[in-house]
Structures are given as structure tokens and as C-alpha cells.
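Asks: Quick one: the structure is below, questions incoming.
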């Protein structure tokens, strides 16, 4: 008899009913462990060459897991030829071993059949779909504007040393851990905690709220880029002249052909005035206390962006995996074209020297190490639920270890390459204005792209062509990250509420996109740039770092590093080495704690253009950040109040529910 989400274990024995009764007693003694296993499939034991179902294990060295994938983990020397293993999770036996041995008196084969009536989990059509999606998520706008600025600000080439150290000992281990967790448990960032440590389930809800906050402001930057892209089709690029309605008397059209024009400290370029007075219109807002009206042009641009996002992710990774073949590869083509063009500009060498000239004394500054840790963390992007979601659609035996090394390396190299693309142009601008590179590179963040680089493009031959491909690149870099961020939320909610949402994915995605659009309206006002800066500095950074710290502690200390490494060995055929274990247990928590303490000890001084953020905005920013993190302690209290028994009993019960590996041998 087969029932939905139930497991029936049948033992067929050659040695008589007495032995069969003993084994049945062992089975019944499994108690809650069997109750957990009943969610996954039907286990059948048969002698020797038993009947084999479509998803069966037929050799002592093979393994079958609940999601229907067959393992190929080599036998350990302690396992005889009659040993079979079922990977539905992990158990830790005496002495740190995995599982328990149940003698059955003869060769036994474990057969696993999926009896759930639920639809099978979606998987990537190709391995490259997954890799491009992860690379597209990790390589975002921050790689183009933040890394080059942080690099030259913190010692140029000397900054690469702390950056690489933070990547090796902090960023990459976290990246690898999340890929392995998602691939093994095949769950989103909420439901995965029932397999790891249920009391930390609030982490998943906090991640979803943080992802929403990011969607509120991140897509607005793409709307700005779309506005620029549309403006690039004008016969004359509108940020090259000072005769427009938005220009002021300080506007100074300083083109390479204008040798009689001098540049002063009070001068503003037409690119700067186009960005601040026409696109953002920040001159119409005195600050956060009075944002002003919504810009209808930006509202339409953002609506178009979200329309693209919706039709790219509404069907799942089958569709988004195809879109990233364009959105993840096109930026590299554009970066290569811009690098070649920038290297041929006069003065490009000045920018490259300024970018890479090492200032070793700056390594003695704590700020340099803080910036290196924060940059690699936000660049690789663990803790946003995306890596868990993407990896959950992988085949069970996909080599996520290799994927983690490849994608993280591509991400870091892209950041380094972007520095050359940016600083060759900054050197050209410095040569043209007869200023130092430092004076030209005073703008950071979006201003570096929308003012400095836009102005440099306007000075190039075929300026319209370079403007079109540049702003297309900006949009595609942002789209990849938006696809990933929203997919993390979608996967989490569909896995947590499958009976309600699984068959209504399109409608749920539509509702989610509408919520994101409405939440972004405040960033489309005349003072919307101030809101974007506030969200970027306070609403997401500290909260997500704290959430990832709790995630590492929950996995390494509560779930157990040995248990987690056994999971990885079950998938890949080899266990993580001592380096990874030490990183997960000690170095990564210290790495994250270092960033958090540094942020609290040295809070950023938030300033945008000529607007200095007042003290009350700092309080507002922290409140927004806490509003997501509060889910973690709130769910802990909820879990303890609704659980039965003492705290020790609850902890033991949660541990038993996490143990879902069964080892049966002779």
C-alpha cells in the first residue's frame, strides 16, 4: 500500500521469522528517525540480487538518496561487500562515525523508491545554466564601480593582499558551504532549517525580507541605466552639451577638442548635471524629510525592468537558465571592448599606475582590512539565499566543490579586470582636464559610472555606440542579480508552502514583482537617490552579515562540522579537508564578527552629493535593518513556546529530526 509522503520498510529474510522479528524490533525502535525518513520515500531490503525498482541500489558501493539520484561514494575500508547506505541525511555514530550498523545475516541490498505524489523537483537543463546563473549573480554592479574605488583608496596593488586573504579564508569557504547545503538538502533558505536546526528557521525569513529590501532599491539603478540607454539614441548625447533646459551657469563643456576652456573647482560637467538634475532631479528635494513627487520617466523605466524580470523567472530555472546565456556573457564582451578602447586613449597609463601602485603603509590601517572583508563578502554574496536556491536544483552528485572554486575565482578576476576598464578611462579624463587622477576619481558608487564614465564615453569616437553597449552592460549586470535575488525568495516560499504555491508559481511571482515595484516607488521620487543610499548603507549590510554569522554557527556548531562533512562526502565521494573544517568552525565566524564589530565601532558617515544625512536617518536605517534580523530571535521564541518538553528535550528532538542517514550492513 502506497500513501502520500509515507515510507514503508519491508524486510524479506532467508533465516526465518525470528530474525525477521528482531529486525522489525530494530526498525520500530527507530522512533522519530523513521518518522523523519517517512517524508522521503520507501525503503526496501532484499537478499542478494533482489528485485530492483526504477530507482534502486544494486551494489554495495552504490548509494541511493531520497531525491532519486544514485550516489557513487566509494566504500570505506570498514564496510564489507554487503554494506549498503541510504543517504537521506546524516547520523553521527559512536566515535564520530556516520550511521549505525545493523547486522542482517547475509548480503542485503537497500532499495529506495520515491512514492511521494508531489511533482519532482525542477533541475537545471544544463550545467552551464547553473554556472552562468551563479556567475551572473556574483558579478554585479559592485564589481564594476565598488572594487576599483575601494582598491585605489586602500593602497592600490597593496590592497590585493588583504583582499585575497579574506577571499581564501572567509569568502570562498562560505560560498562553498552554501552550495553544499543547498545541493544536499534540496531546499530553499526557509525549509532547509528543518533538516539542520529547526530553532534557527527565522534565519530563512530574515533572508527573504533582506532580499525584498534589496529589490526595493537595486532595480532603481537599472532604471537609471535604462534612462541613459534611451537617451543614447539621440543624435547628440544629451550629457555632452550645456544648452539644455536643466543646465546651470556653472556647466562647463570640456571636450577634448575645446582647448580654450579651463576647468575650475566650481565647474560642473554636463554629464554631472544631466545625472543630478535631469535623471535624478535631486535639486527638487531638500533631503529625506521631503522626497517630492515620483518621476514618471523613471517609473516607466522601472516598470519595463520588472516586466523583463517577471518573464525571465516566472517559469523557474528552466527559463532563467536560458536568459543568463545572454545577460551573464554580454557584460564580459563589453568589458573586453571597453578595455581595449580605454588602453588606446591618451593618459590611460596614468590611470593604471594610480590603480595598481602599491602603498604598503596602508596595510597597517584597520580600515583597509575592513574594506577587504566587506568587499569580498558582498561580492561573492553568501547569506542572501541565492546560492542555496540555485544549488538545490542541481543533481545530487554535482561537484559543487569545483563549482565554488571556479565561480568565486571568476568573480574576483572580473573585479580586477573592471579596475583596468575604469582606470584607463579615469587616466584619460585626468589627462584631458590636466588634473590628477585622484581629483577625477573623487566620485564613488553609481556616480563613477553615470558621471565620469559617461563623460569619457562622450569624448570617444563612435560615442553613441559605446554609450549603448555600456549601459546595456549595466542593465544586464543588474538583471542577473535581480533574477537570483528573487529566485531565492521564490524557492524559499515554494518549498515552505508547496501545497499552496507550487501550482501557482506564476501568480506568486507576479505578486512578488508587484510588491517590489510598489516598494521601490520611494526611490523614484526626486529624493529617491537619498533613499537608495540609505538602504545600501544600513538596511541590508549589517543585517545580512549578522544572519550569515548565525548561519555558520548553526551549521558548524549545532548541526556539526563532522555531520556536514559526511553530507559532502556522500555527495562528492570525498570529505572536505582540515582547511575547510577549520574555516567553517573558527575562521569564518571570526571573519564575520570582525566585519560586524568594525561596522558598529566605525559607523559610516553617509553623504550623497552635497547632502549630509542627519542623525535621525541613522536611527531610521538601523530600524530598517533590525526589522529583518528580528525574525531570528522572534522565531526562536515561537519555536520554544510551541515545542513540548524541556529545552534539553527540544534540542535532542531537533537533533534527531536532522539525522536522516541510515546505514544498514552485515
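Glycine too: its Cβ is placed from the backbone N, Cα and C atoms.
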Asks: When you get a sec, could you say which of 269-293, 369-393 is annotated transmembrane segment by TrEMBL?
Replies: 369-393
Asks: Choose the correct range: of 579-599, 642-662, which one does TrEMBL annotate as transmembrane segment? Give that range.
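Replies: Of the candidate stretches, TrEMBL labels 579-599 as transmembrane segment.
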Asks: Of 130-148, 244-262, which span is tagged transmembrane segment by TrEMBL?
Replies: 130-148
Asks: Work through the recorded positions one by one (136, 242) and point out the residue whose CB has the fewest other CB atoms within 10 angstroms.
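Replies: Taking 136, 242 as the recorded positions, the minimal 10 Å Cβ count falls on 242.
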Asks: Between residue 481 (Na(+) binding site) and residue 242 (disulfide bond), what C-alpha distance do you get in Å?
Replies: 35
Asks: Of 379, 481, which of the binding-site residues has the most Cβ neighbours inside 10 Å?
Replies: 481
Asks: Any residues 6+ beyond the ends of the transmembrane segment (507-532) with a Cβ under 8 Å from its own?
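Replies: Contacts with the transmembrane segment (507-532): 212, 215-217, 219-221, 223, 280-282, 284-288, 290-295, 298-299, 302-303, 306, 309-310, 313-314, 486, 489-490, 493-494, 501, 608-609, 611, 613.
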Asks: Would the transmembrane segment (450-477) and the transmembrane segment (405-430) count as touching if the test is at least 3 Cβ pairs under 8 Å, pairs 6 or more apart?
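Replies: Stretch pair touches.
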Asks: Cβ under 8 Å, sequence separation of at least 6 from the ends of the transmembrane segment (405-430): give me the contacting residues as numbers and ranges.
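Replies: Residues 131, 134-135, 138-139, 143-145, 147-148, 151-152, 160, 163-164, 167, 171-172, 175-176, 332, 335, 338-339, 342-343, 345-355, 376, 379-380, 436-437, 439-441, 448, 452-453, 455-456, 459.
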Asks: If I take the alpha carbons of residue 139 (Na(+) binding site) and residue 251 (disulfide bond), what is the distance between them in whole Å?
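Replies: So the alpha carbons of residue 139 (Na(+) binding site) and residue 251 (disulfide bond) sit roughly 35 Å from each other.
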